[in-house]
Amino acid sequence: MEFSSGRARQKHSRLAGDRRELYPHSLQFYLEPPTENVSLVEFESFAIDRLKLLKVVENLGVSYVRSSDSYKTKLESELRKLKFPYRALAEDDYEARRKDHISHFILRLAYCQSEDLRRWFLQQEMDLLRYRFNELTDSLRQKFLEHVNLSFEAISEDLKNELVNELYTSTPGLTMTKVKEQMFYKVGLADAVDLFRARRVFIKDGFAYVPLKDIDAIVLNNYRTKLSKALALTARSLPSVQSDERLQPLLNHLSHSYVGPDYSVQKNTGKISLEQIDALSVKSFPLCMRQLHKALRDNHHLRHGGRMQYGLFLKGIGLTLEQALEFWKKEFIRGKVDADKFDKGYAYSIRHSYGKEGKRTDYTPYSCMKIIMSNPPSQGDYHGCPFRHSDPELLKQKLQSYKISPSGITQILELVKGMHYQLACQKYFELMHDVDDVGFSLNHPNQYFAESQRQLGGGRELKKELSNSGNSQQKTNSQESMNSNSTPTSSNTTADAELEGLEAYFTED
C-alpha cells in the first residue's frame, strides 16, 4: 500500500478492464494487501469508519443474540450507514468492497501492536465475517467458498433426500423438518475434525455432511488461523512501517481511538455548582470518576494522573476555571497542602488545562479508550478504568457497596472477564439507572454524565445544552477531518500530543 499527500489517487488499476475483477466477491479473507495509492485523508477516514463498525459489532455481540433479527437489523443498518458491503449490495459494490479491503489492512497495522489489541481485533473481525457469510445467498456463498479455496460443495436435493434419515440421526439440534429445509455441504474430514469428534455430523466415504448452521464454524476457524498468523507477521514488520513519520502517529492514535465528540467546549459552563458535585458523583458519574471523587474527598489529594483525568472530566461537565480553582484548593488545603503551596504550584496546572497558561491550549477530557489503554495506575493511584485496572474481587466489593444486584454484578464481571470494559461500564449505567437497553454505545465518561442527566429527567436545560454541544463538536471534528489536505490530523491526536506537555505541570505529588 502506498500513500499520497493529495486527495487524488492512482486509478489505472481500476480502469484497466472490468473493475469488479479486483474484488470478485463482497466477502474475502484479506489474503492480499492493497497495492494502489491511497491518500492520507482517505487512509484516515477509511480506518475511522471501520473502527466505528467494529465497535458496533462488539456492542451488538454482547447486547443481542447474534442470530436474532435485532442483531442483524442493527448491524446491516450500520454497514449501510458507513458504506461497507452488505446484503443488498452483494452483486456490484466496488467502492464498498474497496473500502472494506483497504480499511481492514489499515486497522491490522494499528491493532497488531499488542496481544490485547490483536485479540480484540480478531474477535470483532470474526464476528463481522460470520454475519456477512450467513447473509450471503446460496449461490454467492458457494462462490465465496471457491474463492477462498474451501472446496465445500452443497449437496443436491436428491442426495439429501436419499440420506435424510442418516442426516437426521447424526446431526443434533435439527428436527426432520429442519433437515429437509437446511442446506448441507460435503466437506473433507480434515476440515471437520472438531464436528466429527463431537459426533455432530454424518460421515460417509471420508466426507462429512455439514449443515449450513455449522459450516460457518469451519469457515471461521479457517479465517481465524489465517488472520492470527497475518497479525503476528504484521507485528514483526511494524518497525519498517513506523519509520514513516506520516503513519506512526496515526497508527498509534487509531489503536487508542475515540471517534465521538470530545466535550471540550461546553455551553453549560458555570451551570453546575460546587455544592452539586457530591450528589452528582453518586447518581451521574461513571465508576472511574466516582472512584476519583471519593478518593479526593477521603484523602484530600490526588496524584497527577488522577488530577488530570478527574480535572478534565469536571471541566467537561461545566466547571469554570474559577470553580475548578476553588474546588481543588478547598479540598487540598484540608490535607497537607497549604494555600500558598497550592497557589504557587497546583493552581498553575489547573489554569494550564483551561488554556490560560503555556501554549494556551484548551485540553479535552479523556475518552474511555485513552483511560483504558494509557498510563495504568500504580500503588497509591486512583485513576484509570476500574473495569480494566481493578482486581475483580475488589471491583465486586465496590459494586456491592453501591447496591448493585448480585445478578448485575455477575453480568459486569463476565464482561470484564471477556475484556469488554466499556460494555461493562455500559451495563453499570443500565443497572444504576434501571433501564434495560441504553440505546447508545458508551465511549466517553462525559457521555455517561450527559446520558445520565437525560435519563434522570432533571436539569432539562443542562441536558439539552450538553447534547447540543456534543453534536456541534462532533460536526466540527468531522468537518476538520474532511478539510485536511496532506498530513492527517484529528482533535484527539493533537490533544494527545499536547497533553504530553501538560503532564509536566502535574508531576508534583
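Just so you know, glycine gets a Cβ as well, placed from its N, Cα and C.
Note that TrEMBL annotation is computational and uncurated.
As recorded in TrEMBL:
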- CYS288, CYS368, CYS385, CYS425: [4Fe-4S] cluster binding site (BINDING)
- 467-482: compositional bias 'Polar residues' (COMPBIAS)
- 483-494: compositional bias 'Low complexity' (COMPBIAS)
- 497-509: compositional bias 'Acidic residues' (COMPBIAS)
- 279-449: domain 'DNA primase large subunit C-terminal' (DOMAIN)
- 453-509: region 'Disordered' (REGION)
For this session: Measuring CB to CB from CYS288 ([4Fe-4S] cluster binding site), give everything in the same chain under 8 Å that is also at least six residues away in sequence.
Result: GLN309, ILE371, HIS383, GLY384, CYS385, PRO386, CYS425, PRO445
Problem set entry | [4Fe-4S] cluster site, defined by CYS288, CYS368, CYS385, CYS425: further same-chain residues with Cβ within 8 Å of the Cβ centre | PRO286, LEU287, ILE371, ILE372, PRO386, PHE387, ARG388, TYR421, GLN422, PRO445
For this session: Mind giving me a neighbour count for CYS368 ([4Fe-4S] cluster binding site)? Other Cβ atoms within 10 Å of its Cβ, every protein chain shown.
Result: 24
For this session: Quick one: average pLDDT across the domain 'DNA primase large subunit C-terminal' (279-449), no decimals.
Result: 92
For this session: Could you tally the C-beta atoms, other than its own, that fall within 10 angstroms of the C-beta of CYS425 ([4Fe-4S] cluster binding site)?
Result: 26
